[in-house]
Amino acid sequence: MESRVLLRTFCLIFGLGAVWGLGVDPSLQIDVLTELELGESTTGVRQVPGLHNGTKAFLFQDTPRSIKASTATAEQFFQKLRNKHEFTILVTLKQTHLNSGVILSIHHLDHRYLELESSGHRNEVRLHYRSGSHRPHTEVFPYILADDKWHKLSLAISASHLILHIDCNKIYERVVEKPSTDLPLGTTFWLGQRNNAHGYFKGIMQDVQLLVMPQGFIAQCPDLNRTCPTCNDFHGLVQKIMELQDILAKTSAKLSRAEQRMNRLDQCYCERTCTMKGTTYREFESWIDGCKNCTCLNGTIQCETLICPNPDCPLKSALAYVDGKCCKECKSICQFQGRTYFEGERNTVYSSSGVCVLYECKDQTMKLVESSGCPALDCPESHQITLSHSCCKVCKGYDFCSERHNCMENSICRNLNDRAVCSCRDGFRALREDNAYCEDIDECAEGRHYCRENTMCVNTPGSFMCICKTGYIRIDDYSCTEHDECITNQHNCDENALCFNTVGGHNCVCKPGYTGNGTTCKAFCKDGCRNGGACIAANVCACPQGFTGPSCETDIDECSDGFVQCDSRANCINLPGWYHCECRDGYHDNGMFSPSGESCEDIDECGTGRHSCANDTICFNLDGGYDCRCPHGKNCTGDCIHDGKVKHNGQIWVLENDRCSVCSCQNGFVMCRRMVCDCENPTVDLFCCPECDPRLSSQCLHQNGETLYNSGDTWVQNCQQCRCLQGEVDCWPLPCPDVECEFSILPENECCPRCVTDPCQADTIRNDITKTCLDEMNVVRFTGSSWIKHGTECTLCQCKNGHICCSVDPQCLQEL
């Protein structure tokens, strides 16, 4: 109900906008004949009178030709057409009777993105295209276009909606897979042929146009209805709603995360800090660490060597080191007995009687220090040492470092006989003359290392280390030698590649019969593997089920080889790669579509009126057929009813729409068969009996350009049945059994879809907006919409036919 209201509203809002004037905006128009600049010098075509005199018309002759847009012209076409879902193909034509040819073709390599074809052999118009899932599709419209008469044809494509008008009459309207116009570079545009060798259109074409606009058929038939928006317009509205829903869901999720973060941020003050030796410093804060000036920048400590000042000291003071500081500062001095002492320094003086007196520099004066007595020593007098700064002797080997010293980080205290001194650790150098502060020596930068060739020097605190270059292994702490990755099996070569050791590395080369860069080698099969086969070894193909042969070129006929046993009411029909059981004439499927044909049941021809009994007979239904019986006592004519007309008993006639089939009436039954071909008869109809055509000009070249077929030969190519008829190749889709199920899938390398019960496995998505999904955030999602599951980064969900289908993207996980 909601979808119908939405559509009516959309028609009211946008319907009037679709009623344009009959003039076409040139930016939306591709006038093919004008842009290709066809003329008298163009081989294979010539200008002739058309349906009207307003534009030029050209006769496409049965001669070799190459009507192909130049690269620049084709790209101009594709710039207007690329990634558009609303366009119309228009053409006025007069096609030669029985000709099968391509009107226009847009293809890249073997991929037909858009090709319009008319088959006079089978009396049908075909549209070949690729869908958004990159699968090839063919829509067949039964219609006699190749009748040597003028026709106006328009094919309007609007998203998944096709409308075919012929002579301003709507002939067909279908819902299909949405065609893709994501045309890659190198795509080609052909007119009147598929390529240089195939699909030659024979006849006259006029007014060949592509209109990239809604309801483009109006340009050809102005009186047609155009008051309501197109399917693409409606799909666009639905898409916008889905996009808005997705934006709303993402915005709500972002808002929820932002609120959570704000709640956490309200509880704390976040600032980048630095921590050094147990002390935390704020951003941009600077401090002195020994002889380094350090700063906290963006949470990282950056230090530089401190540059000490050299101040002028006042009278009775001089520069001296101060405990805990790197640079010298002005310090008071004392002059005593011709020597200079700094504040706090002590000195002993011995009298002539040997009495020791201790002095200390205080307030620029040497003052007497009272003696507090000395501890008893436990060493002989010969091992006792007299000190210059104390009246108390110590034993030899006394630990002066245990008392007090000024040796900082990376400097160690060493005991001398009468005092302690500082010494830099190995690998460090002094920052001042007393060795109290030291810094690391970068042996690598200064060339003071022993690393040899094939190594790289890496500085470490107080030392260095030599690491091996890539492709080398260690001999000792300073040397490395070449590493043969091939012998040690430490290479990345493919199992089908040969490893060759090189200096510092190795090379990988694919073995004969394989191709690739060495790290990845794939088997190479000279003739290729057809029908989905995989090349698994040099010139060895692994064929999919249903095919055999060196190149998987031969279809296995399951029907004739006895692999299949169909029900007695069904015939086995072989298809490329597989088969199916099709109900015999007189039977139809009951809707269960049993694979073996058990679901075939009798058709009551009498009850349904599908019989040929004349009015003077009575129809009796039989299993798989019927009987025309004459009532007792009456003299029946044995006439037949065919296509609403009376055919007399014994009468023979040719079908109106199939000149190659002959029918006869025999006692109320109509029996039809193909014409018997007598190749000895000089008047034999070569159209019906192509096998009787010996002319070389009637032969056909296979699409691969290698195989030559005689007229009448048939073959299968890319899920199409192809036939050579008097030099023309005509291909049509292989018949597939009906798939009466909600969900279907087209397996890879197969031609016909199969039913599946899991909607997430289905290939196609029905664009029914009434089938919605409710996601994990309680947001309504339309069929076809996709989203990233809330709380995840790599789980992609999609609404398919009202079901939520989710999968994890492996590439996304690798990028995290």
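Using the three backbone atoms N, Cα and C, a Cβ is placed for every residue, glycine included.
Fair warning: this is a prediction, and the values are worked out from it, not measured in the lab.
In three-state terms derived from DSSP, ASN574 (Ca(2+) binding site) belongs to an extended strand segment. As annotated by Swiss-Prot, Ca(2+) binding site applies to 440-441, GLU443, 459-460, SER463, 555-556, GLU558, 574-575, TRP578, 602-603, GLU605, 621-622, GLY625.
Around the Cβ of CYS413 (disulfide bond), the number of neighbouring Cβ atoms within 10 Å comes to 18. CYS413 (disulfide bond) carries a strand DSSP state (E or B). Summarising the annotation, Swiss-Prot assigns disulfide bond to CYS401-CYS413 (among others).
Other Cβ atoms within 10 Å of the Cβ of CYS444 (disulfide bond) number 17 in total over all chains. The disulfide bond annotation in Swiss-Prot covers CYS444-CYS457 (among others).
Long-range Cβ contacts of CYS451 (disulfide bond) within its own chain (separation 6+, distance under 8 Å): CYS444, CYS457, PHE464, CYS466, TYR478. The disulfide bond annotation in Swiss-Prot covers CYS451-CYS466 (among others) and is backed by experimental evidence.
For CYS468 (disulfide bond), the Cβ neighbour count at a 10 Å cut-off comes to 17, with all displayed protein chains included. Under the three-state DSSP scheme, CYS468 (disulfide bond) falls in the strand class. Positions annotated as disulfide bond by Swiss-Prot, on the basis of experimental evidence: CYS468-CYS480 (among others).
The number of other Cβ atoms within 10 Å of the Cβ belonging to CYS508 (disulfide bond), over all protein chains shown, comes to 19. Swiss-Prot lists CYS493-CYS508 (among others) with the feature disulfide bond, giving experimental evidence as the kind of evidence.
DSSP gives CYS521 (disulfide bond) a strand state. Per Swiss-Prot, the feature disulfide bond maps to CYS510-CYS521 (among others).
Every protein chain shown contributes to the tally, and the Cβ of CYS543 (disulfide bond) ends up with 22 other Cβ atoms within 10 Å. Annotated disulfide bond per Swiss-Prot: CYS543-CYS552 (among others), in sequence order, evidence recorded as experimental evidence.
Look at Swiss-Prot and you will find CYS559-CYS572 (among others) tagged as disulfide bond, backed by experimental evidence. Just so you know, the Cβ of CYS572 (disulfide bond) picks up 20 other Cβ atoms within 10 Å once every protein chain is counted.
Annotation for CYS581 (disulfide bond): same-chain Cβ neighbours under 8 Å, separated by at least 6 residues, are VAL564, CYS566, ASP567, ALA570, ASN571, CYS572, ILE573, SER594, PRO595, SER596, GLY597, CYS600. Summarising the annotation, Swiss-Prot assigns disulfide bond to CYS566-CYS581 (among others) and lists experimental evidence as the type of evidence.
On its own chain, CYS583 (disulfide bond) has ARG569, ALA570, ASN571, ASP589, GLY597, CYS600 as residues at least 6 apart in sequence with a Cβ closer than 8 Å to its own Cβ. Under the heading disulfide bond, Swiss-Prot lists CYS583-CYS600 (among others).
The disulfide bond annotation in Swiss-Prot covers CYS613-CYS628 (among others), and the record cites experimental evidence as its basis. CYS628 (disulfide bond) falls within a strand segment according to DSSP. Listed in sequence order, the residues of the same chain lying 6 or more apart from CYS628 (disulfide bond) and placing their CB within less than 8 Å of its CB are HIS611, SER612, CYS613, ALA614, THR617, ILE618, CYS619, PHE620, GLY638, ASN667, GLY668, PHE669.
Summarising the environment of CYS630 (disulfide bond), the number of other Cβ atoms within 10 Å of its Cβ, over all protein chains shown, is 17. As annotated by Swiss-Prot, disulfide bond applies to CYS630-CYS636 (among others).
Per Swiss-Prot, domain 'Laminin G-like' is recorded for 64-228, and the stated evidence type is sequence analysis.
Among residues of the same chain six or more beyond the domain 'EGF-like 1' (397-439), those with a C-beta under 8 A of the stretch's C-beta atoms are 290-292, 305, 321, 323-324, 326, 385-388, 461-463. Taken from Swiss-Prot, the feature domain 'EGF-like 1' covers 397-439.
According to Swiss-Prot, the domain 'EGF-like 2' annotation covers 440-481, on the basis of sequence analysis. Across the range of the domain 'EGF-like 2' (440-481), the DSSP-based residue counts are 4 helix, 18 strand, 20 coil.
Annotation note: CYS401 (disulfide bond) sits in a helical segment as assigned by DSSP.
Using a cut-off of 8 Å between Cβ atoms, the domain 'VWFC 3' (698-756) and the domain 'EGF-like 3' (482-522) share fewer than three residue pairs, counting only pairs 6 or more apart in sequence.
In the three-state DSSP assignment, the secondary structure recorded for CYS636 (disulfide bond) is coil.
Per Cα geometry, ASN574 is the residue among the binding-site residues ASP440, ASN459, ASN574, ASN621 nearest to CYS552 (disulfide bond). Using Cα positions, the member of the binding-site residues ASP555, ASN574, ASP602, ASN621 nearest to CYS508 (disulfide bond) is identified as ASP555.
Listed as Cβ neighbours of the domain 'EGF-like 3' (482-522) (distance under 8 Å, sequence separation of 6 or more from its ends, same chain) are residues 454, 469-473, 535, 537-539. Summarised as a single figure, the pLDDT of the domain 'EGF-like 5' (555-601) averages 85. Distance between Cα atoms for CYS468 (disulfide bond) and ASN621 (Ca(2+) binding site): 93 Å, as a whole number.
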